[in-house]
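Here's the structure we're looking at; comments come further down.
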Ligand SMILES: Nc1ncnc2c1ncn2[C@@H]1O[C@H](COP(=O)(O)OP(=O)(O)OP(=O)(O)O)[C@@H](O)[C@H]1O
């Protein structure tokens, strides 16, 4: 059994001003309590694709990018961590977070780690067949964790994305290009500002000299074309989270335990489960429980987090794109910003990933989450083998997922509409109207949050002139608005009366309060792909100002910002951005 993880290091550092200060906070729980691959090298020079048969991690040294240049860092996250802003541009910080850990001060280590995981696609176990390996193994092919540290009483893991080859690289180069690094860097901090649980962004550095080739999209095609190679600069972005344990990681060890692949398989699964509890669920799970009891509480807690997460995604218009089990964080937050997108035109089938099909589409994400939850429970079930009652209880948790998901979705839709309770008829008609018009998802709900008297203002979100729409659409919109207003009015009182009843359960709200509540759940700005494209294009020619401007706007997504910002960013998607590869649809590892 693993011991409870300490949230304290011997050092306490109020403000981290240098890498020396940061190093003092190092505290490596994963490397110190889990198993290293017995076949691994000890010095971390393990950069060739190979099969990893056991152990929770492989010690790996990242491969630095040549001539790193500062692009951006998250001022907000730095401030939360107590990091001095100036550190982001200091030489030793740049070295460390562009992949050179050879000089880091002790007790920081000069070796990082990569983890293996398995993969299920929409609830079907995927068994990999490739020249390098056949079997369950998949893993961090280009993500290398370089530090775990306890900062202000909270444990954080810092992971380089694009930090070079690991044994899991499957013959690929281990690199991330600037384009995809800008996307992930901006999206993580945007999601955090939207109030959606997520991994965070620390820093982003680009190489001034090192490039790689990537396939691009030929005109009119919606998938990448190997004959259309483009050259792109490599970059390293550092993402930070309480852990990077994925559902697919539990699956790898669950599959090994189920098949008794080696003598330690069951023990390694149990260790990983306990490590997950310590890293992500320590507050929710009593350490005195038996391991089987912990599995049940863990599954219940994860279900709660996952259903909330997905309802939040849909609230803000986010589609993960590739919601396989390896892209599902076991801590219940958003992880892996690959072919993600924020929808412009409302469409339940919106799916930015060219390979995604309908199962990962916008409004199908609850079902995709349910499949990942099933795989989570399947992975842990070998730990309940001697407890048939607990197996039943775990199954009941799986059976109850869709009801919990539905309840969270209804609460979310009610909140977006400013209502205390979900009204199915009102919502169904709205969904039909949004599809038939069609509307811009973000603009529509934001305009509605101003409680308009008629549909005039809502037309700002429409992608079609209603005069050209099928007969009767305008009248149906007006009728819908009237019905919505009357539902709202049943809870509205004069603002002078609000709070004067002494009844804490009162539903009474002024119109201003309703509008403010709606604006707090309906963002004004979302990180649409057509905003990202010019930002990373400019970054590729050394102009980072648009990335930083986008970062400033998107880290205050609910705020009313300047008129200039509104004119530039609060708009429907222009017609030239529809049907364009790399903008309206994206490949995997985007
Ligand atoms: N250029 C690359 N070199 C090595 N491995 C890669 C590369 N691109 C993707 N991979 C690996 O392929 C797998 C699937 O890729 P995917 O795009 O989902 O991951 P990713 O964006 O690199 O990873 P993550 O889930 O860590 O954010 C992952 O295991 C990833 O590590």
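Cβ coordinates come from backbone N, Cα and C, glycine included.
Unlike curated entries, TrEMBL annotations are predicted automatically.
Keep in mind it's a predicted model, so treat the numbers as computed, not measured.
Site annotation (TrEMBL): ATP is bound by 139, 141, 142, 173, 174, 239, 246, 336, and the candidate from 152, 161 recorded at this site is 161. Cα-Cα distances to residue 327 (Mg(2+) binding site) place none of the binding-site residues 142, 173, 239 within 10 Å. Recorded residues residue 173 (ATP binding site) and residue 326 (active site, proton acceptor) have their alpha carbons 20 Å apart, per Cα-Cα distance. Remark: residue 326 (active site, proton acceptor) has 117, 118, 119, 138, 246, 247, 248, 249, 336 as non-local neighbours, by Cβ distance under 8 Å and separation of at least 6 in sequence. Around the Cβ of residue 142 (ATP binding site), 23 further Cβ atoms fall within 10 Å across all displayed protein chains.
In three-state terms derived from DSSP, residue 139 (ATP binding site) belongs to an extended strand segment. Of all the binding-site residues listed here (173, 336), it is 173 whose C-beta has the fewest other C-beta atoms within 10 angstroms. Around residue 327 (Mg(2+) binding site), taking its Cβ as the centre, 23 other Cβ atoms fall within 10 Å, counting all chains.
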